[in-house]
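Each remark here refers to the structure printed beneath this line.
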Amino acid sequence: MDKEYVGFAALPNQLHRKSVKKGFDFTLMVAGESGLGKSTLINSLFLTNLYEDRQIPEASARLTQTLTIERRGVEIEEGGIKVKLTVVDTPGFGDSVDCSDCWLPVVRFIEEQFEQYLRDESGLNRKNIQDSRVHCCLYFISPFGRGLRPLDVAFLRAVHEKVNIIPVIGKADALMPKETQALKQKIREQLKEEEINIYQFPECDSDEDEDFKRQDAEMKESIPFAVVGSCEVVRDGGPRPVRGRHYSWGTVEVENPHHCDFLNLRRMLVQTHLQDLKEVTHDLLYEGYRARCLQSLARPGARDRASRSKLSRQSATEIPLPMLPLADTEKLIREKDEELRRMQEMLEKMQAQMQLSQAQGEQSDAL
């Protein structure tokens, strides 16, 4: 006798429809010194223009410019799939003469997103929690140096336990192929020597197809990604126009894997590992932050220290303890009390109607 069909095989279709209807969100941070092509690469990756209204300051103004945090959002739809992309930019990073502690606003911003999510998650109304946590940080490294600079090391040390780091060599068309490989090897050695954790690719399952395993191996070998960005379409005598940069010695094609790692970076960010970046952010980075917060609250005198650190904010490495203001807490309690009172009144009315209907039914039976 054949086994009867129950219908559990349709569960993936249910999840797919629900996910497509809800849409996806992804927050990407870009950091690194100015002039490395960060804005151009973002526009190239997502085929959009996020920075059309940006005003570039004069060189003299950059000497005293302080780092700011800018958020830009765009909704991208492709094949019926909607993605709400938020790009967090850090203009002014490393531009001033004195770069001491210039990474602290970035650390503070990342922790504030964790703090806000923990507040929302710990609140009474958790139906529509907005996830503004940073899921990935593209850190741009100059192609003109000999590896990581002291500023690069200091920044990466400060954030490597708070966000998924993907190192990127900007404007890689300034390097010869041998120079690119030498710089990549130097950066990998420095990251290992400084014990800086970057995003680790998950191991492929044994049942994955060979093409996926090959692409995954190529992406792992490409780190740090040497990239070139361009939104211009150029012709180089080929059968079709390509996006790239035209020089006197030839043309650099953005989407040519022999010229740069742009395709591997886009494949990793969008096609293969976007969901894993979000899961690592939630399951490892955010849970680590949450555990540290709870441990701090459990220690004697933690609330007094929390209130003092909240006022001072002297160090961005201090763990902010997410406590709702008293007025907000009382307001939420009053709202829930009112909601419970209304539900109790509705229940009493329903019980009264049921008793009345029952009494009327008994009278009808007696007649």
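Keep in mind that glycine also has a Cβ here, set from the backbone N, Cα and C atoms.
Pulled from Swiss-Prot:
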DOMAIN    22-296  domain 'Septin-type G'
REGION    32-39  region 'G1 motif'
BINDING   32-39, T66, G92, 171-179, G229, R245  GTP binding site
REGION    89-92  region 'G3 motif'
REGION    170-173  region 'G4 motif'
MOD_RES   S206  phosphoserine
MOD_RES   S248  phosphoserine
MOD_RES   T251  phosphothreonine
MOD_RES   S307  phosphoserine
MOD_RES   S315  phosphoserine
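Straight-line distance linking the Cα atoms of M176 (GTP binding site) and S206 (phosphoserine), rounded to a whole number, equals 37 Å. The two recorded residues, S248 (phosphoserine) and S206 (phosphoserine), show a Cα separation of 48 Å. Under the three-state DSSP scheme, T251 (phosphothreonine) falls in the strand class.
Look at the region 'G3 motif' (89-92): DSSP puts its residues at 0 helix, 1 strand, 3 coil. Counted with DSSP, the region 'G1 motif' (32-39) comes out as 2 helix, 0 strand, 6 coil. Confidence over the region 'G1 motif' (32-39), given as mean pLDDT on the 0 to 100 scale, stands at 86. In the three-state DSSP scheme, D173 (GTP binding site) is classed as helix.
E179 (GTP binding site) falls within a helix when secondary structure is assigned with DSSP. Using a 10 Å radius centred on the Cβ of K38 (GTP binding site) and all shown protein chains, the other Cβ atoms total 25.
Most Cβ neighbours within 10 Å among the modified residues S206, S248, T251: this distinction goes to T251.
Taking a C-beta cut-off of under 8 Å and a sequence gap of six or more, D173 (GTP binding site) has these contacts in its own chain: V228, R245, Y247, V252, H259, C260. Neighbour density for E179 (GTP binding site): within 10 A of its CB lie 13 other CB atoms from the protein chains shown.
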